[in-house]
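Inspection log for the structure reproduced underneath, given as structure tokens.
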Amino acid sequence: MVRTRIQRLLTGINRRMMKLLIALALIAYVASVWGNFVNMSKSIQENGEQKMEKKIEEVIAPLREKIQNLERSFTQKYPPVKFLSEKDRKRILITGGAGFVGSHLTDKLMMDGHEVTVVDNFFTGRKRNVEHWIGHENFELINHDVVEPLYIEVDQIYHLASPASPPNYMYNPIKTLKTNTIGTLNMLGLAKRVGARLLLASTSEVYGDPEVHPQSEEYWGHVNPIGPRACYDEGKRVAETMCYAYMKQEGVEVRVARIFNTFGPRMHMNDGRVVSNFILQALQGEQLTVYGSGEQTRAFQYVSDLVNGLVALMNSNVSSPVNLGNPQEHSIVQFARLIKQLVGSGGEISFLSEAQDDPQRRKPDIRKAKLLLGWEPVVPLEEGLNKTIHYFRKELEHQANNQYIPKPKPARVKKGRTRHN
């Protein structure tokens, strides 16, 4: 009986041990599963964190680059600027200051130590033409259309705002007229209010297809008032008239520069004028297109010469119109051959039908500028062309990554084509 009880006790103990062992095994299994789960969760978490870190890095990288660019811009070195005393330093407004000529004028006046405000609506101007001055304490850039009034305190106004290439002003003749009339009226009103001197950037186009050669300032011109280019030619003529009306009636100090063909870096490659057309065609190995016989003549000045002339005229006592141009005359076909030679490539010269209202000869008489301003062009034609060709090459490289560069074509108008500007 005692044995039976002992056996039952051992059996109970065995069952309890078995249950305990099973429980321990179950606990071990659960612990193992939990460990695997924890490890898996940890792995997933680590992978998730890595992915999250990668995504965060993708977002942060461009922001970091922008911050670095901003830091560089704060410490960037501007072109050397002269120091002028308060008495000598002028507050100067340049309308169209982000354009081809305007941006070079901006460089000149900034480096001379003046405070320069550039106003441009970027119809043809480009911010990158003046971006190297952004942030400088003497420089300000305003996005503004001169057909709207502008209120600003200045000492001098260089009024350059206007489309100047045939495709641009033929594309929007009304805007061209408004800029040259309403815009000029607004700038004259500003000059009257603040007592500033205004220089109008007029053009040799006021002479039209001249019957006098070379053209002096006394020549009244031969202009077609309803031709495809009349919006620009007549717009500048009426702008001159308004300047002298304000000078006579309101006592506004005005200067008028009649600018002849000008070229240089920052020209638009596709602006439709002869220099940009020929250089672009030669660099791309295409035929150089000449309209008419090619015997038409032009006189080309480099942009730095023009800028020096504008500054000299503004600071002079000469209130009557002054021609600013290079009196060295070249035929269009000679010019095409020269560019082809300097580029070292390009196709043959092709001749197309002559454009409407294309002046046969154009050459400035600059005796007045020589006598009264002590100014004349000094940059040789080939030197200026080589600088311009180098700039165009860089532009083509800059835009080469699958960007389309339109081939130079004349603007489409109802009658005729663009002329050899």
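Placement of Cβ uses the backbone N, Cα and C atoms for every residue, glycine included.
Swiss-Prot annotations:
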- 1-19: topological domain 'Cytoplasmic' (TOPO_DOM)
- 20-40: transmembrane segment (TRANSMEM)
- 41-421: topological domain 'Lumenal' (TOPO_DOM)
- 99-101, 120-121, 123-125, 145-146, Leu160, Ser162, Thr179, Ala201, Tyr232, Lys236, Thr262, His268, Arg273: NAD(+) binding site (BINDING)
- Leu150, Tyr151, Lys178, Asn186, Gly189, Lys192, Arg193, Tyr246, Gln249, Glu250: UDP-alpha-D-glucuronate binding site (BINDING)
- Tyr232: active site, proton acceptor (ACT_SITE)
- Asn317: N-linked glycosylation site (CARBOHYD)
- Asn386: N-linked glycosylation site (CARBOHYD)
- 409-421: compositional bias 'Basic residues' (COMPBIAS)
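Features recorded in Swiss-Prot, as mapped to the structure shown.
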residue : record                               : Cβ within 10 Å
Gly99   : NAD(+) binding site                  : 29
Val146  : NAD(+) binding site                  : 25
Leu150  : UDP-alpha-D-glucuronate binding site : 19
Lys178  : UDP-alpha-D-glucuronate binding site : 19
Arg193  : UDP-alpha-D-glucuronate binding site : 13
Tyr232  : active site, proton acceptor         : 25
Lys236  : NAD(+) binding site                  : 27
Gln249  : UDP-alpha-D-glucuronate binding site : 9
Arg273  : NAD(+) binding site                  : 23
Asn386  : N-linked glycosylation site          : 13
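Across the annotated binding residues for UDP-alpha-D-glucuronate (Leu150, Tyr151, Lys178, Asn186, Gly189, Lys192, Arg193, Tyr246, Gln249, Glu250), the two most widely spaced Cα atoms sit 22 Å apart. In space, Lys236 is the closest of the recorded positions Gly99, Tyr232, Lys236, Asn386 to Gly189 (UDP-alpha-D-glucuronate binding site), judged by Cα positions. Counting neighbouring Cβ atoms within 10 Å of each of the recorded positions (Thr124, Thr179, Asn317), the lowest count belongs to Asn317. In three-state terms derived from DSSP, Asp120 (NAD(+) binding site) belongs to an extended strand segment. Within its own chain, Asp120 (NAD(+) binding site) has Thr95, Gly96, Gly97, Ala98, Gly99, Gly102, Leu141, Ile142, Asn143, His144, Ala161 as residues 6 or more apart in sequence whose C-beta sits under 8 angstroms from its own. Gln249 (UDP-alpha-D-glucuronate binding site) has Val146 as its nearest neighbour among the recorded positions Thr124, Val146, Tyr232, going by CA to CA distance.
For the pair Asn317 (N-linked glycosylation site) and Thr179 (NAD(+) binding site), the Cα-Cα distance reads 27 Å. Separating the Cα atoms of Thr124 (NAD(+) binding site) and Leu150 (UDP-alpha-D-glucuronate binding site) is a whole-number distance of 20 Å. Here Tyr232 (active site, proton acceptor) is compared against the recorded positions Leu150, Lys178, Asn386, and the shortest C-alpha distance is to Lys178. Note on Gly189 (UDP-alpha-D-glucuronate binding site): other Cβ atoms within 10 Å of its Cβ, all shown chains, come to 15.
DSSP assigns Asn317 (N-linked glycosylation site) to coil in the three-state reduction, placing it in neither a helix nor a strand. A gap of 17 Å separates the Cα atoms of Arg273 (NAD(+) binding site) and Asn386 (N-linked glycosylation site).
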